[in-house]
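Notes follow once the structure below has been shown.
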Ligand code: PAF
C-alpha cells in the first residue's frame, strides 16, 4: 500500500493488472475524512470486491465545515487509518494537505448543489453540500476512478453526488453502501467518539425513531403518520435536540408532499450534547403496486 500526499505521486503506475486480460485495470475510490471506522471499512471492502485498484482518500475538507470549531476538533488519525486500510488490500492512500487540494484559498470556482444544498442538512449547514461537491469533484479529477463508493448514512450527500455526476456528465459510477450499525442500532460515525457514555445511550433514540417510522410505513401508514411516529419517538428523549425528522425524495432530496406514495428517505438530524448526529432509513410509503 502506497501512502501519497501529492497529486504528482498519485499519478504513479497501476499497481494491479486488470482481472480480465486485455482490459485496463478498473479503479475504485473511497473518499473519507479519516477517523476510519467499520462503516468506512465496509466501503473499502465493497470497492475491493468491485475493482482492480482501490484508492482511499483521507482529507478533512475545510470547505464543507460551516463551523470552524467543528473543523478544528475533527479527529485526524492518519497512522491509525493506514493501519486499518493495509490489511484490506488498499493500493493507494491519498492524504493531501489543504494546500495541495486548494491551490488557491478560498477557491474561486466551486460546485453548487443547487436546491439539494438548501434543504435538510443543507438548510442547517449552509454551504456544506457546495463544499462537499467541490472536493468530490476535485478528488474524482485527481484519482480518475471508474467507481466511487459512498455510505448510505449520508443519504443527502449520496443524492448530491449522484446529481452532480449526472448533471456534469462525469464518467464515474456512484455506488451507495448500506449503513453499518453497532449491535444496539447506533449508526457508525466518526463523531461517535465525542459522545460520553450517557450521551451514547441517548443517541440510540435516532435509530429507534427511524425504526418506529419504518414500522408504520411497513404497516401501510401515510407519510404524515410515518413522520409523526418518528418525531413522537424522538420526543421521548427531550435532552436530544431534534433539528429535523422528515421524509425526502430519494432522487431529488426535496421534501415530499403529504399524499406521496413510493420510496422515501426518512432522515433525522439531532444534537446530542455538543455532537450533531444524522441517520436515515429508506422505506416505502403506500402499497407496492400503485
Ligand atoms: O462523507 C465524507 O466523509 C465527506 O463528505 C467526503 C465525501 C469525504 C468529502 O469530503
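Including glycine, each Cβ sits where the backbone N, Cα and C put it.
Copied from TrEMBL, the annotated features are:
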| type | residues | note |
| --- | --- | --- |
| ACT_SITE | 40 | active site, proton donor |
| BINDING | 33-40, 151-154, 180, 188-191 | ATP binding site |
| BINDING | 64, 157 | (R)-pantoate binding site |
| BINDING | 64 | beta-alanine binding site |
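Screening the recorded positions 33, 36, 39, 40, 152 for a C-beta under 6 A from any atom of ligand 1 leaves 33. Listed in sequence order, the binding-site residues from 64, 157, 180 having a Cα within 10 Å of the Cα of residue 40 (active site, proton donor) are 180. Ranked by CA distance from residue 64 ((R)-pantoate binding site), the binding-site residues 33, 36, 152, 180, 190 have 33 at the top as the closest. Residue 40 (active site, proton donor) falls within a helix when secondary structure is assigned with DSSP. Less than 8 angstroms from the CB of residue 180 (ATP binding site) sit 37, 38, 39, 42, 151, 187, 188, each of them six or more residues away in the same chain. Reduced to three states, the DSSP call for residue 157 ((R)-pantoate binding site) is helix. Neighbour counts of Cβ atoms within 10 Å were compared for the binding-site residues 64, 152, 157, 190, and the top value is held by 157.
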